[in-house]
Each structure stands twice: as C-alpha cells, then as structure tokens.
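Student: One structure is given below, represented as structure tokens, and several questions about it will come after.
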Amino acid sequence: MPRIRHLRAFTVDAQGGADYHDQPAGHWIDDHIATPMSVYPEYRQSRQSFGIDVLGSLVVEAEADDGTVGFAVTTGGEPAAWIIENHLARFVEGAPAGDLERIWDQMFRATLFYGRKGLVLNAISGVDLALWDLLGKLREEPVYALLGGPVREEQVFYATTARPDLAEGMGFIGGKLPLRHGPAEGEEGLRANVEVMRSMRERVGDDFFLACDCWMSMDVPYATRLGHRLDGLGVRWIEEALPPDDYWGYAELRRSLPPGMLTSTGEHEAGRLGFRLLLEMDCADILQPDVGWCGGLTELVKISALADAHGKLVVPHGSSVYSYHFVITRHNSPFAEFLMMAPRADEVVPMFSPLLLDEPVPVGGRLTLPDTPGFGVRLNPECELKRPYANRRR
Ligand SMILES: C[C@H](O)[C@H](O)[C@@H](O)[C@@H](O)C(=O)O
Ligand SMILES: [Mg+2]
C-alpha cells in the first residue's frame with residue numbers, strides 16, 4: 001500500500017460549491033428562513049447577513065507516493081485549511097494510505113484541546129473523505145464497495161426545497177420546507193408557519209410526505225405548539241427545532257409532540273459521543289449527521305452502528321456523493337436527502353455545483369451510483385483553487 005506523500009488544503013474562489021449557502025441574492029435558501037438569529041429583526045431576511053456562508057468551501061487533496069490523488073470537498077474555507085496544513089497534515093503525510101482509523105484517531109485526539117466539534121471536525125471530515133477517495137482509487141473500487149457494498153439497487157430521495165409541490169412532480173418521496181418564522185415573530189409568525197404547511201399539503205398528494213426544517217430557531221414551548229398545530233397535515237418530522245446542545249429540550253419536545261409526529265436533528269452534531277447522547281437521551285427519531293461535518297465516513301460508520309443498535313434511522317444531512325456512497329450500504333438509511341440548489345427550486349442541479357464534475361443527481365427522485373473508483377467525481381478545473389497555507393508555519 002503506497003504512503004501518503006502530500007496533503008493539501010485549498011479554498012475556492014467561486015460562489016456555491018460545498019458551502020452551498022453561499023448563493024447569489026434571491027436564492028430560496030437565503031429568503032427569510034428562521035434561525036437562532038431571528039430574534040434580531042435586522043438579521044431575519046437573509047442568513048448571509050449574519051454570516052451563514054462566512055467559511056466558504058474547502059477542498060482537501062491527498063496524494064500518494066505513486067502519484068494517485070484523492071480529494072474531497074466540504075465547508076471550512078481558510079480556517080479549516082490552516083488547521084489541516086499546520087496541524088493535521090503531520091498525522092497524514094508519510095502514513096500508509098490505508099491507515100484511515102489510525103490517522104482519524106490521531107487527528108481527533110490531537111485536536112481535542114481546541115476541537116471536539118464544529119470547524120475542527122469539518123477539517124477532520126474533509127481529510128477523512130479525501131483519504132476514502134484515495135483508498136477507493138488505489139483499490140479501484142467505489143467507496144460504497146469499501147463500506148461493504150449496496151443493500152439496495154437504487155437510492156430514493158426526499159427533497160429539501162422551497163417548493164415541495166414541484167419536488168413531488170420530480171419523483172421525490174417527500175419534501176422538507178424550511179420554516180420562515182421563529183418565536184420572536186409571535187403568534188403571527190406561528191400562524192404563517194402553519195399556513196405554509198397547510199397550503200403545501202393541499203398542493204401535494206397524501207402519499208408524499210412533508211417535513212419542516214427549523215434550523216435551530218425555536219424553543220420547546222414554541223416547537224410544541226407548532227407540532228400540535230401541524231397535527232393532521234401529514235408532517236412526518238419536525239427538524240432541528242432547537243440549538244444542537246439542548247439535548248434536554250429535544251427529549252422534552254419529542255415527548256410532547258402529537259403521536260406519530262417525529263423529531264430529527266444532528267446536522268450540527270459531531271462525533272460518536274455527541275450522537276450517543278442524542279440516542280441515550282431519546283432526543284430524536286431520525287439522526288442527520290452531515291458526513292462533511294460530523295467527522296467524515298470513518299466516524300459516520302460508528303455513529304450509524306450506534307443508531308442502528310437503538311433502532312433509529314440515519315438520514316445524513318445533504319452532502320452529495322459523500323452521503324450517497326454511505327446510505328446505499330445501510331438498511332437504517334432507507335432514503336437520502338437531496339438539497340434543491342436551483343434558485344427557484346424548480347429544477348434538479350448538482351448540490352455542490354459548480355465545484356464538481358460527474359456529480360450525480362437523482363432522476364425521478366432516485367439514483368443508481370456508478371462503480372467509478374472513489375467517490376466518482378472530479379474537481380471542476382474552471383473553479384480557481386487557492387492554497388493559502390502552502391508554506392506551513394508548524
Ligand atoms: C434548508 C435548511 O434551512 C438548511 O439550509 C439546510 O442546510 C439544512 O438544514 C437541511 O436540512 O438541508
Ligand atoms: Mg436541516
């Protein structure tokens with residue numbers, strides 16, 4: 001097995017890409033969506049106004065001594081690039097390309113004093129995914145084959161979108177709508193949240209599930225009232241109603257919702273111990289780790305096994321090929337998320353566009369992955385990469 005000769009971290013000088021919240025004005029994903037910052041009226045209209053896209057895309061390359069290059073993309077930008085070049089690289093360069101477990105463990109242990117979750121886990125995830133891509137290319141196998149192979153022929157998707165009614169016509173099995181109002185907008189905002197879901201239910205068929213995404217914007221009393229007002233509208237789950245660390249609140253909310261209305265969370269959680277806490281405190285019915293943020297595939301495998309042992313679903317937060325190669329191999333990941341990244345959510349475009357070439361998209365709401373080695377994607381040469389920390393300080 002070749003050794004890893006170089007690890008490189010780049011930022012991308014282009015909108016969109018892996019930091020998919022970085023979109024031009026007018027895009028549905030930045031149009032008055034409720035967030036923890038909604039308590040400040042000046043930050044309600046646009047999530048970019050408070051910096052949701054402040055980090056930018058991160059590209060990680062791992063080159064083996066035989067010249068093979070694996071890469072991956074995630075959210076992290078310059079700060080993640082600094083962590084990778086000045087701290088994580090020492091555990092990767094010189095190591096055998098197959099030593100994913102030891103490399104991951106050293107990266108995680110070495111950053112515990114300042115990492116644990118958040119940006120550092122994004123950086124570790126980016127390195128880990130690049131190493132899985134490299135290993136697949138060296139072994140000439142798709143990553144899903146390295147994970148034990150598919151448990152189904154094709155993957156079905158629900159769509160996260162401002163237009164679930166359009167997503168139904170595209171063959172998706174359900175639609176998740178981001179809610180626009182939080183507690184600070186009072187009863188009027190709550191009524192508007194309920195009304196948008198009621199209106200959407202009237203526009204889609206009974207077999208098409210709806211969910212609502214609250215992006216950490218609420219509190220337990222408000223989310224409980226919301227859940228009971230949505231009862232009867234066929235809302236499958238209420239997503240990420242509370243801040244990620246409010247394990248107690250999630251457990252209380254889950255007990256308080258109407259029978260059959262599920263809760264989900266996890267896209268801003270990281271590491272298997274964080275997900276163990278969500279499981280053992282009965283916080284959610286569906287866990288949604290983002291494989292580009294939770295620690296990468298090496299950690300997602302552990303998170304998923306824990307969840308499976310608790311009888312819980314793992315439906316990773318939209319992360320393009322990096323989650324598709326995983327979910328196709330796990331029974332407790334029966335469907336996947338697809339984020340509709342067209343500005344008016346009226347057509348299917350690759351999630352990380354324009355950063356990747358050969359990025360697969362669902363057709364008719366379903367997808368069969370090719371057997372291309374690694375994750376089966378290439379970097380778009382038209383996207384200008386910058387390597388801000390090539391001259392390492394440490
Ligand atoms: C659409 C949601 O508001 C977020 O932008 C999205 O990133 C995430 O929460 C999701 O579940 O897709
Ligand atoms: Mg979400």
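For all residues, glycine too, the Cβ spot is worked out from N, Cα and C.
Remember, predicted model here, so these are calculated numbers, not experimental data.
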Student: Name the residue, out of H21, H27, H325, that TrEMBL lists for the same substrate site as R47, E337, please.
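Tutor: Candidate in the recorded substrate site: H21.
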Student: Please state which member of E185, E187, E188, E239 TrEMBL lists alongside D213, E267 for binding Mg(2+).
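Tutor: Record check against TrEMBL: Mg(2+) site with D213, E267, extra candidate from E185, E187, E188, E239 is E239.
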Student: Could you tell me which of the recorded positions R47, D213, D290 have their C-beta within a distance under 6 angstroms of some atom of ligand 1?
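Tutor: D213, in sequence order.
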Student: I'm trying to understand the geometry here, so how far is the Cα atom of D290 (site 'Increases basicity of active site His') from the Cα atom of E239 (Mg(2+) binding site), in Å to the nearest whole number?
Tutor: 14
Student: Sequence order is fine: just name those recorded positions in H21, H317, E337 with a Cα within 10 angstroms of E267 (Mg(2+) binding site).
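Tutor: Qualifying among H21, H317, E337: H317.
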Student: From the recorded positions listed here (H21, R47, D213, D290, E337), select those whose CB sits under 6 A from an atom of ligand 2.
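Tutor: Only D213 meet the Cβ criterion.
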Student: Sequence order is fine: just name those recorded positions in D213, E239, H317 with a Cα within 10 angstroms of H21 (substrate binding site).
Tutor: none
Student: May I ask you to report the DSSP-based helix, strand or coil state of E267 (Mg(2+) binding site)?
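Tutor: In three-state terms, E267 (Mg(2+) binding site) counts as coil.
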